[in-house]
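Below: the structure, in structure tokens.
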Amino acid sequence: MLRAATNLYSPPNTGKMSPKTIGSDVGIEVIPVMTGTFLSGAMMSLFLLTIPVILETTTVPSQLLNQWHRIFYRGHIQGPLISIATGLLYSYAAYQRSQRGAAWKPFAVSAAVTVAMIPFTWVFMANVNNSLFRAVAVTEKGGEGNWNEAQGLVRSWGAWNAVRALFPLSGAVLGLLSTCKIVSF
């Protein structure tokens with residue numbers, strides 16, 4: 001009877017990976033999933049919280065454009081850095097998996113999808129960004145700016161940013177599904 005109770009706490013060796021091995025493998029794979037999810041959440045919070053609040057509480061075009069410009073300035077430095085770091089972490093996880101003979105391609109795809117937000121910005125958001133920069137330049141020279149134009153541009157930028165946030169989120173979902181061994185290719 002005592003032996004049976006002991007076996008409850010010490011399961012027999014089934015030939016599977018030990019908890020120590022599983023933990024170290026999962027740790028390498030979970031870190032980029034966490035950073036990708038963090039990046040997507042930070043970006044999505046702009047669309048869901050920040051942009052609506054500044055649109056609801058700002059009545060002067062120059063102030064709205066200045067607030068957007070500060071958001072852009074911080075994001076254009078931090079976002080790509082986190083995206084690239086996350087892509088490198090996914091690449092490292094893919095490399096580690098390939099060394100073990102495990103399915104590594106989902107992590108390579110996660111890396112590519114996460115970093116794809118950068119060229120997406122250059123290609124699809126350049127027009128709205130440039131229009132906003134021109135509007136900001138007008139207000140910096142003492143002009144008031146046009147409320148409807150400023151509001152429309154900031155709304156458009158927020159929507160494009162929400163789409164862009166789906167890149168690191170997609171990478172994180174694929175990375176998580178691969179970590180849990182639900183997806184493999």
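Glycine too: its Cβ is placed from the backbone N, Cα and C atoms.
In this view, N129 (N-linked glycosylation site) is surrounded by 17 other Cβ atoms within 10 Å of its Cβ, with every protein chain counted. What Swiss-Prot records for N129 is N-linked glycosylation site, and it gives sequence analysis as the kind of evidence.
Residues or ranges marked as transmembrane segment by Swiss-Prot: 35-55 (among others).
Taken from Swiss-Prot, the feature transmembrane segment covers 75-95 (among others).
Look at Swiss-Prot and you will find 106-126 (among others) tagged as transmembrane segment.
Residues or ranges marked as transmembrane segment in Swiss-Prot (evidence: sequence analysis): 165-185 (among others).
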Cβ under 8 Å, sequence separation of at least 6 from the ends of the transmembrane segment (75-95): give me the contacting residues as numbers and ranges.
28-29, 31-32, 35-36, 38-39, 42-43, 46, 104-105, 107-108, 110-112, 114-115, 117-118, 167-168, 171, 175
For the transmembrane segment (165-185), find every same-chain residue at least 6 residues outside the stretch whose CB is under 8 Å from a CB in it, and list them.
26, 29-30, 32-33, 36-37, 39-40, 43-44, 47, 83, 86, 90, 93, 103, 105-107, 109-111, 113-114, 116-117, 120
